[in-house]
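Per Swiss-Prot, the features are:
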{"type": "BINDING", "residues": "Lys56, Lys268", "note": "fatty acid 16:0 binding site"}
{"type": "MOD_RES", "residues": "Cys253", "note": "cysteine sulfenic acid (-SOH)"}
{"type": "REPEAT", "residues": "11-102", "note": "repeat 'Solcar 1'"}
{"type": "REPEAT", "residues": "110-200", "note": "repeat 'Solcar 2'"}
{"type": "REPEAT", "residues": "209-294", "note": "repeat 'Solcar 3'"}
{"type": "TOPO_DOM", "residues": "1-10", "note": "topological domain 'Mitochondrial intermembrane'"}
{"type": "TOPO_DOM", "residues": "33-73", "note": "topological domain 'Mitochondrial matrix'"}
{"type": "TOPO_DOM", "residues": "97-115", "note": "topological domain 'Mitochondrial intermembrane'"}
{"type": "TOPO_DOM", "residues": "133-177", "note": "topological domain 'Mitochondrial matrix'"}
{"type": "TOPO_DOM", "residues": "195-211", "note": "topological domain 'Mitochondrial intermembrane'"}
{"type": "TOPO_DOM", "residues": "232-265", "note": "topological domain 'Mitochondrial matrix'"}
{"type": "TOPO_DOM", "residues": "289-306", "note": "topological domain 'Mitochondrial intermembrane'"}
Amino acid sequence: MVGTTATDVAPTMGVKIFSAGVAACLADVITFPLDTAKVRLQIQGECQTTSGIRYKGVLGTITTLAKTEGPLKLYSGLPAGLQRQISFASLRIGLYDTVQEFWGGEEATPSLRSKICAGLTTGGVAVFIGQPTEVVKVRLQAQSHLHGLKPRYTGTYNAYRIIATTESLSTLWKGTTPNLLRNIIINCTELVTYDLMKGALVRNDILADDVPCHLLSALIAGFCTTLLSSPVDVVKTRFINSPQGQYTSVPSCAMSMLTKEGPTAFFKGFAPSFLRLASWNVIMFVCFEKLKRELMKSRQTVDCAT
């Protein structure tokens with residue numbers, strides 16, 4: 001995934017991890033309202049509703065949330081979201097090239113097998129580390145203040161404390177199984193598709209290794225990822241947000257959705273998921289590639305000066 005020109009120096013692992021974390025946080029800040037809309041649409045239809053309001057479409061959900069609960073509600077859970085990107089995206093994206101080289105061994109050109117293995121490895125490790133931030137983020141996004149409903153949590157750190165003390169510390173890792181499956185799918189599809197598309201565009205002289213190439217590759221990766229991960233993503237959101245006892249397991253959550261709402265329930269929130277992931281990918285990958293190069297140029301300048 002590292003693109004270098006003749007004058008570029010390959011970025012170090014530290015530069016890649018730092019660049020991935022910063023780029024992911026920037027992408028999260030810009031696209032977070034879409035993520036909140038996605039969560040609200042995904043939990044809509046459960047027998048236990050949060051507010052009685054029906055959300056319709058991406059813009060309709062965002063508009064309804066802003067009007068009924070205030071514009072700031074669109075960013076509820078953002079601190080946990082940024083914590084998630086620092087602990088999660090920085091590892092799954094920043095370590096991808098290094099792990100790919102490990103799996104590739106003596107390969108002159110990384111094979112599809114080594115790319116997939118790298119995506120599986122970095123995605124799996126990142127989920128276990130970042131899962132508590134995901135649980136808090138989803139719960140803050142899902143809770144409503146309407147109709148006299150008392151919010152479960154007043155803020156990010158309050159949510160961590162209440163979940164750990166009233167439910168158990170292990171609840172912070174609730175939904176790890178569907179989230180692990182989701183992020184293995186996302187990581188493999190997103191990074192491998194981006195890597196393959198970018199390589200094909202550059203190798204066939206269709207586009208240079210620059211912003212237009214990164215943008216197109218990120219858009220294609222975003223669509224493929226959303227299509228494959230949507231069913232698991234909806235189950236993950238429902239299970240994480242559910243109160244104790246509503247579902248006995250991840251499969252029971254999936255079966256409940258299937259029997260009560262039908263197979264289309266697994267694609268609830270597809271539009272905001274795609275808009276969010278595609279725009280997130282574009283912002284993140286373009287910034288990631290640019291930041292890596294600028295940091296290495298700055299490092300070269302400092303090295304030359306000394």
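Using the three backbone atoms N, Cα and C, a Cβ is placed for every residue, glycine included.
Assigned with DSSP, the residues of the topological domain 'Mitochondrial matrix' (33-73) fall into helix, strand and coil as follows: 26 helix, 0 strand, 15 coil. In this model, the repeat 'Solcar 2' (110-200) carries an average pLDDT of 87. The CA atom of Lys56 (fatty acid 16:0 binding site) is located 23 Å away from the CA atom of the residue listed as 'cysteine sulfenic acid (-SOH)'. Comparing the binding-site residues Lys56, Lys268 by how many other C-beta atoms lie within 10 angstroms of each C-beta, the top residue is Lys268. Look at Lys268 (fatty acid 16:0 binding site): DSSP puts it in coil. Put simply, Lys268 (fatty acid 16:0 binding site) is 15 Å from Cys253 (cysteine sulfenic acid (-SOH)) when counted between their Cα atoms.
Other C-beta atoms found within 10 angstroms of the C-beta of Cys253 (cysteine sulfenic acid (-SOH)) number 23, with every protein chain shown included.
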